[in-house]
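One structure is given below, encoded as structure tokens.
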């Protein structure tokens, strides 16, 4: 007789494992199915390993600028294989901790590929094939890097890389091309440029980071260009050829050669061959599974979370969706709220944003005021030697409600949390500038930006009248 569970989760990425833990904590008998390692793309092939390498690149930057602090460093070198070894160690350590969490929550783990055979049964394909029954099912199958048309990622073309393969390089490329100027492309461009690579970013549109607001796109393009990154915009790549020790690219009819090429042109959803048709779950031509605000699909006992929902392709969104889905399965009535989703670009400098952008506000005909306060007027940033950049608040012109924000500069990834809380709770400008911010800290930039919105900044000359 097939074992039965209250909740079966297919996929143990940042959405799936969080959903499974939440379900188990609610007292549900829970199973988690994963064909690879717990943690999914984020932990094993994405967020965490890339940030481990970026941490090393940040140390390189600090050494290069050490003279500014009265510290002279002679003859340092980069041992890239050791950086990769550290990256792998970081991933292993976190994964071991995650596996311990899963065990401690008494979640039954099945190793293999999960596929629906009905709305209440899941087949597990692997070394020990089996079928389990489920009262409720959460689909959390994620996505994979999209290949360049006609050029699949394979061992036969080791110099043509996806975001997974580039993390396993054993050397720093002398000359590298990155096809795609989105978030992932720009993060790797920033990483390898900092480590000494000559990097060219090839982008089909007229701007990089095109899904963000134009101010971010232009500011980061200018910063990257000053740093020495090369961009080819409005570019058409008609051919990629691995010629052994090099890769040959044809860009706008011109032939260029590189040591490695990273293809970063988006991700494809893992909704094929998971039995959606057998369970009656609807998906569109892109593979997106529509859900309601409780993460329920068109089949009442089947939920979907993460990339396959077609919302934000962000680990923290998948995790929150997983919590919402599991709590609804456990009998709570909760709905997802996408009004305050923080987004971070881990480049040098960092970029973060949340809520409405000025462009979105204009499109929705919402009257807003955008105030940008520079880090050069923040004492802590100057003391750190990282005074480049700014923090901007988007507030309603009449009500002073904080509708969004974006920040380019030191520790932007951490700074955005304060304004995420403000947007989520519909706070107003006084809630920020009337709150005492510790001094000297980078977070003071938000108080100053909020004061600037009411024309009373403390550390900026008054506007000329």
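Heads up, residue numbers simply count up from 1 along the chain you see.
Every residue gets a Cβ built from N, Cα and C, even glycine.
Site annotation for FAD in Swiss-Prot covers 34, 35, 36, 37, 38, 39, 40, 41, 42, 51, 114, 307, and the matching candidate from 24, 26, 315 is 315.
The NAD(+) site recorded in Swiss-Prot comprises 180, 181, 182, 183, 184, 203, 264, 265, 266, 267 together with one of 131, 237, 299, 317, namely 237. Take the CB of residue 439 (active site, proton acceptor) and look out to 10 A: across all protein chains shown you find 11 other CB atoms. Using Cα positions, the member of the recorded positions 180, 237, 265, 439 nearest to residue 42 (FAD binding site) is identified as 265. Remark: residue 267 (NAD(+) binding site) has 143, 144, 145, 146, 307, 313 as non-local neighbours, by Cβ distance under 8 Å and separation of at least 6 in sequence.
Put simply, 47 is the one of the recorded positions 34, 36, 40, 47, 315 whose Cα lies nearest to the Cα of residue 184 (NAD(+) binding site). Each residue contributes its Cα atom, and for residue 182 (NAD(+) binding site) and residue 40 (FAD binding site) these two points are 21 Å apart. Between the CA atoms of residue 315 (FAD binding site) and residue 47 (disulfide bond) there is a gap of 8 Å, rounded to the nearest whole number.
Within 10 Å of the C-beta atom of residue 265 (NAD(+) binding site) sit 20 other C-beta atoms, taking all shown protein chains into account. Checked against residue 114 (FAD binding site), the recorded positions 47, 180, 237, 265, 439 differ in C-alpha distance, with 47 being the nearest.
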